[in-house]
Every structure is written in structure tokens, then in C-alpha cells.
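Comments concern the structure below.
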Amino acid sequence: MLLQMAGRGKMVPCVCLGLLGVLCWVWVSFASFPDEQLSLGAMDAVERAAFQPQSALSEMEFASIGSYRGPGNLDHRSNKELPILLWWSAGLFPHFPGDTERIDCARSSCLATSNRKVQLYKRTASIIFYGTDFRAYEAPLPRLRHQTWALFHEESPMNNYLLSHGPGIRLFNYTATFRRESDYPLTLQWLPSLEYLLTPVPVPLEEKNRLRREGLAPVLYMQSHCDVPSDRDRYVQELMKYIQVDSYGKCLNNKPLAGNLEDTSTATGEEQTFMSFVARYKFHLALENGLCPDYMTEKLWRPLHQGCVPVYRGSSVVADWMPNERSAIIIDEFPSPQALAEYLLHLDENDDEYRKYLEFKSPKRITNARLLEALERREWGVNDMSKPNYLNGFECYVCDQENARLAAERAHRKAPKTNKPPEWKMANNSHMGCPLPSPGYGQVHHLPADDGWLQTWPQDYWQSLDQAEGLESLIRHNESDPSLLWKHIQNMAVRRARGKN
């Protein structure tokens, strides 16, 4: 971790004359705000130190802003009166063309923008971050008291382990993650619909048995993303000792993929020829790249869609979302790869037992009430033009939450004895927290010191905690330069070594 500090630039001290000029400029700018807009007495030190431009958007820009018509509402305020939501990851901004748009949500309206010029503007109520892109050493500092932070992270926990630690996740006030406990859950993001589970008709078992007699393995492994936190290849390699596995991807490859087929195992699309090819297998090894409650991807849902049985490792609570009580084979329910192989061979030789895993394909055989209710109630859609996507959905969630918070703050200021101030929301570990990566097979203390997985993922996990605590320290000390992160991490390490908290 300390090696990462090498080569970092240091802040250039301001000369006295320049500092005096800046202070005068800030004083004049503050003085230009009406009392009700700035309210210095109600602001903490971090906001007093920040220059608050009246607007980064000109009058002409306000007038020409487009409008995303969501559910619609009775909010008739002008664009200049609306709170602003700043998308910090511009590449995820869910509107085009342009970088600013009015959004009309279920209960209220906001301006959404990816224009970072508005970061310090008083009306910028919330900053929305994409978890994969969030870096402690690039955070928008100083953090202003009047702004909330919102996190959108639907991808693997491996993309940013900072979010799996308490000091990291509690930086955010609103969350949209794969965890059901998040404010705007994306748990079933890879399941388009109930119909997706029911179709197509599986390859007949008689055909699968014929292919087995001709040499097709009972188990398919299709992975081209190797060396991941879940260490799945280590487990599959051990499993291969006890049962035949056809592996077509780059990981543990033992069979070439036909030239007319494209490996779409890591893609979001579903090429039909490839899907038909893999549907011939009885079992699909479906091991996620990261292990975390409710983290379930296409690796789980595609085999179910195709009428194959997923042999699954990923979410520890995956059974909560399965179509019925017997839809998938959970790897962690078996004491060893050998025991799992024996069970798969048993199913391979017993058609009646195997068919029980595909009963959900029949009408009215999907009995999981939680799954059915979640699909029915979610407001966003997957490849469904009749519903908003989850980016627009979360954006509107934040917009409505912020308008409610701001209204409650105004009511409290007008009648503090009658109206309580709004409660400050803060995310916790249940919104994202994922466990320390562990070996796919065996115990960590049995691994050689030069093991590539050991040298990578456990270290990444704990270094991410250092960065989360470092950013928390930057915010606590009202720092405005995020590159000071490494200095704060070093100072905390020194304090710990001296036995100080």
C-alpha cells in the first residue's frame, strides 16, 4: 500500500497575496446570495470554505434544457428552482444528447447533469456515483454538508472492494446495488421476466442421453475470465478429477469451440446458435467471479432459461430466488468436489431424478412467492421499452428522496418546534458488504506464498479498507485535495503501530 504513495505530487503552497485575493473573491460571492439561499449560520465549516457559484448553467442553458418525461407529476417549478443531481461518472449519464436534462419523476422534478461545474453549487443536492468507477483518490472534496451521495453499483464486488467495508459504504446516503437490502434493489437485473424462465422448451432428455452416449460430457464449463476473487478455476480443476467436464473457454480449456460459434459466456447478448450449442448439456457450472449475498448474474439465469441445471456458487442465499425448491444444485451444500461429482453422476444415470430439476419449466410450477412478487412489483424493466431502465429509475428515486428531504428541512426551519428535521440516511454493510475472498478449494494457509490468487485478491480486499478509511479521514478533516489520501493512510498506519486509535 505504501508503495502506491511513491511519486504522488505534493500540494503547492499558495502565496499570501494570491490567498488574500481568493478570500476576497469568495467573500464577495457569498455576499451576493440572499440569506435564504446561503444561510451561512446553518452551514458547517466545509461549506463556509467552499466557493458557491450562483450557477454553472447560463440563463440560455436553463431555458434550452430538454426534459425526460418519467411518470409525470404536478411539480410546476421552473428549471432554475429545481434541485440538481450530478452524475459524477459521465459515461453513465442516462440521457442524450447533451449533459443536462430536466427529469419529471413520480412525485417531483429535478435537473440531472453530468456537468461537474455544478459540484459546489448550492442547489446541487446529490452526487450519483457508479461504484466501478468510484476511487477514493478522485472523490469530489470537500464534501459539502448540504449534499448527499448516491451509489449505483450493479456489477461484481470484485470491481471495487472499497464498497464492501463499513467505512466505504457508509459514505453513501442512497444505494442501488444487487443486495435486496439496498434502497433501490437490482437483485434480479439479469432476469428479464418470468417468461424468460419458462422458455424455450428444453432439449429433450432423450436427446441429451444420446449425446452423452456419443461422448458429450455431462457438465459444461464456459469461462474466459480467469483469476477472479472466487477462485472458481481451482474448484473446477479438482472437480474434473471425478467427472467429465467439457471446458470451451480460455479458463481450463480442454475442448476447442467450433469455428462458427462465438463465446458469449461473458457477453450481455445471447447469440442463438451458441445458446443452442450449450443447451445440449445436462449441467452447467455456474460460478460467479465474486461471492456475495444476492450477487447473481447471467451465469445462473441462462442455464435455467435453456433448460439445463446450473451447478452454482456465488450468492449464499441463492435459494431465496430459485423458481422452486429444486431448480439448481448448490456447490456449497456438498462437502467436497468429489461428493458433488458423485451426485451429478447419480442424476446423469437417473432420468426421473434429473427431470425434477426442470419441473419449473412447466406452467404453474414456479412456486417461489418471493421471486414472483419481486418480478411483478419492480418498476424498471430489462429490455422492456414499456418501463424505465434501472438507471432512470434510481435517478428518479434519488430525485424524489431529495425533494422530500429539502421540503422537510424548509418546514423545520420555519417551525422547528413543530417539525422535526429529516433523519440523515446512511447506507450500511447490508447494502453491499461482501466477504473476504477465499480459495475456491482448500484452505488459504495451505496455499504457497507465491500463489497468484493469494498475492492478488486478499490484498486488494484489505487495501480497499485502507482507502475507505483514508477517504473517511479526508472528509472528517475537511480536506479539499483527494490526492492527500495516501498521506492520511500513512498517518493512520503510524498511529495504529503506536497503539493509538
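Note that the numbers count up from 1, one per residue, in the order the chain is shown.
Here the Cβ of each residue, glycine as well, is placed from N, Cα and C on the backbone.
Just so it is clear, the model here is predicted, and its values are computed rather than measured.
Taken from Swiss-Prot, the feature disulfide bond covers Cys396-Cys399, and the record attributes it to similarity to another entry. For Cys396 (disulfide bond), other Cβ atoms within 10 Å of its Cβ number 28.
In the three-state DSSP scheme, Asn173 (N-linked glycosylation site) is classed as coil. What Swiss-Prot records for Asn173 (among others) is N-linked glycosylation site, and it gives sequence analysis as the kind of evidence.
Residues or ranges marked as N-linked glycosylation site by Swiss-Prot on the basis of sequence analysis: Asn428 (among others). Summarising the environment of Asn428 (N-linked glycosylation site), the number of other Cβ atoms within 10 Å of its Cβ, over all protein chains shown, is 13.
Here the Cβ of Asn478 (N-linked glycosylation site) has 16 other Cβ atoms within 10 Å, regardless of which shown protein chain they belong to. In the three-state DSSP classification, Asn478 (N-linked glycosylation site) falls within coil. For Asn478 (among others), the entry in Swiss-Prot reads N-linked glycosylation site, with the evidence type sequence analysis.
Feature annotation from Swiss-Prot assigns topological domain 'Cytoplasmic' to 1-10.
The feature topological domain 'Lumenal' is assigned by Swiss-Prot to 32-501, with sequence analysis given as support.
Summarising the annotation, Swiss-Prot assigns transmembrane segment to 11-31 and lists sequence analysis as the type of evidence.
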One finds that other Cβ atoms within 10 Å of the Cβ of Cys399 (disulfide bond) number exactly 29
Would you mind listing, in sequence order, the residues at least six apart from Asn173 (N-linked glycosylation site) in the same chain with a Cβ closer than 8 Å to its Cβ?
-> Ser126, Thr148, Trp149, Ala150, Trp424, Lys425, Met426, Ala427
Taking every residue in the topological domain 'Lumenal' (32-501), the average pLDDT works out to 91
Under DSSP, is Asn428 (N-linked glycosylation site) helix, strand or coil?
-> coil
Could you state the CA-to-CA distance between Asn478 (N-linked glycosylation site) and Cys396 (disulfide bond) to the nearest Å?
-> 30
